[in-house]
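Structure, as structure tokens:
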Amino acid sequence: MISNHLVFMIASGDVFGKDQPVSLSLLGSERSRTALEGVAMELEDSLCPLLREVRLGIDPRKVFRDADWALLIGAKPRGPGMERRDLLDLNGQIYKEQGQALNEVASRNCKMLVVGNPCNTNALIGLENAPDLPRRNWHALTRLDENRAKCQLALKAGKFYTSVTNMCIWGNHSTTQVPDFVNAKIEGVPAREYIHDDKWLKEEFTPTVANRGGVLIKKWGRSSAASTAVSIADHIRSLTQPTKEGDCFSTAVITDGNPYGLAEGLVYSMPARSKGDGDYEIIPGFHMNDWLIEKCKASEDELLKERDCVGHLLPNATVAQCMITEDTMLPGEN
Ligand SMILES: NC(=O)c1ccc[n+]([C@@H]2O[C@H](COP(=O)([O-])OP(=O)(O)OC[C@H]3O[C@@H](n4cnc5c(N)ncnc54)[C@H](O)[C@@H]3O)[C@@H](O)[C@H]2O)c1
């Protein structure tokens, strides 16, 4: 669903630019092989001038050859009665294989963006299984959460979306995520001063952002695909275009050497900026008040538990013991 929106955005130049030819290699599974052929037919019939090549396959070692960007969206949905720990294992297996394949055949500076859930831990599994690729090049998508947070603040303030800046999502792409209204700004003014309603920010804004996907499913009977594809495009443009002065974008990346004292070896969403060269730096100096520190710690603890659960998929893990009892998957996001 997500990929089917995204490939047409890429082919039409909305993602990598109107003067950037693209070659798409589409990876499917045994089950989706013929569906993939259908997508390719639609791409052909769209006559996109920038689209120079479409390759299809189900072997990641062939499909990922020389990839500059790997957008890892494919995942299995949660089946009836399946616990979160089962999903961590099921989809973790996919990302172990894809990490190993990328390690063998992708471009040495390939950028990986993991969307399939649970995306933070899937990205960790991918990067730990790709020792020859830069760890910092692995991202998990929290941009949809950022976009949802910007939308809610703009609606509350009665301003247009673009007036909201410095909007960071911290942590895991789950209900423990932390939409940071402390550092966000509206028309350059701290959002808390602008909105002047801490009760709303803590008790309504935060859960509204985290539960937005579930509400959408109830209304429409399917999960967010178009807005997710848009947020993937936003994420890529944030890395390929310079970040505006005083602004940031959210991305879940490896915490090694992070300036916020977070445990190392996790894929955790933090505020970043880029010169537009595909790379990024974590922005230091965000103000962390007690509320943020407590929330960020809860998301960190959750990611530590997830890492323990997938120890059997991490080549250098010392722990492989699953202590997850709570279900913090975003509602409806498998
Ligand atoms: N991070 C986010 O913000 C975010 C937001 C929305 C959805 N998601 C997640 O994105 C994923 C995809 O969502 P969707 O709505 O497109 O789901 P979907 O079920 O429509 O598509 C998933 C596709 O993955 C394919 N697939 C399964 N195993 C594969 C494998 N080993 N290799 C390649 N392809 C494989 C399936 O055949 C299917 O076509 C889900 O895990 C969903 O939870 C993440």
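Each residue, glycine too, has its Cβ placed from N, Cα and C.
If you look up TrEMBL, you'll see His173 marked as active site, proton acceptor. The annotation substrate binding site is assigned in TrEMBL to Arg78, Arg84, Asn117, Arg148. As annotated by TrEMBL, NAD(+) binding site applies to Asn91, Val115, Gly116, Asn117. Residues or ranges marked as domain 'Lactate/malate dehydrogenase N-terminal' in TrEMBL: 1-137. What TrEMBL records for 142-310 is domain 'Lactate/malate dehydrogenase C-terminal'.
With DSSP classes pooled into helix, strand and coil, the tally for the domain 'Lactate/malate dehydrogenase N-terminal' (1-137) is 62 helix, 21 strand, 54 coil. Rounded to the nearest whole angstrom, the C-alpha distance between Arg148 (substrate binding site) and His173 (active site, proton acceptor) is 13. With respect to Cβ neighbours within 10 Å, the recorded positions Arg78, His173 differ, and Arg78 shows the lowest count. In this structure the C-alpha atoms belonging to Gly116 (NAD(+) binding site) and the residue listed as 'active site, proton acceptor' are separated by 11 Å. Taking the C-alpha atom of Asn91 (NAD(+) binding site) as reference, the shortest distance to any of the recorded positions Arg78, Arg84, Asn117, His173 belongs to Asn117. Asn117 are the binding-site residues among Arg78, Arg84, Asn117, Arg148 whose C-beta comes within less than 6 Å of an atom of ligand 1, given in sequence order. Ranking the binding-site residues Arg84, Arg148 by how many other Cβ atoms lie within 10 angstroms of each Cβ puts Arg84 at the bottom. When the Cα positions of Arg78, Arg84, Asn117, Arg148 are compared pair by pair, the longest gap among these substrate-binding residues is 24 Å. Across Asn91, Val115, Gly116, Asn117, which the record gives as binding NAD(+), the greatest C-alpha separation is 11 Å. Across the structure, Arg78 (substrate binding site) and Val115 (NAD(+) binding site) place their CA atoms 15 angstrom apart.
Around Val115 (NAD(+) binding site), the same-chain residues at least 6 positions away in sequence with a Cβ under 8 Å from its Cβ are Ile2, Leu71, Leu72, Ile73, Ala75, Ala140, Leu141, Thr228, Ile232. Taking the Cα atom of each, His173 (active site, proton acceptor) and Arg84 (substrate binding site) are about 14 angstrom apart.
For Asn91 (NAD(+) binding site), the count of additional Cβ atoms within 10 Å of its Cβ stands at 25 [all protein chains shown].
Note on Asn117 (substrate binding site): other Cβ atoms within 10 Å of its Cβ, all shown chains, come to 24.
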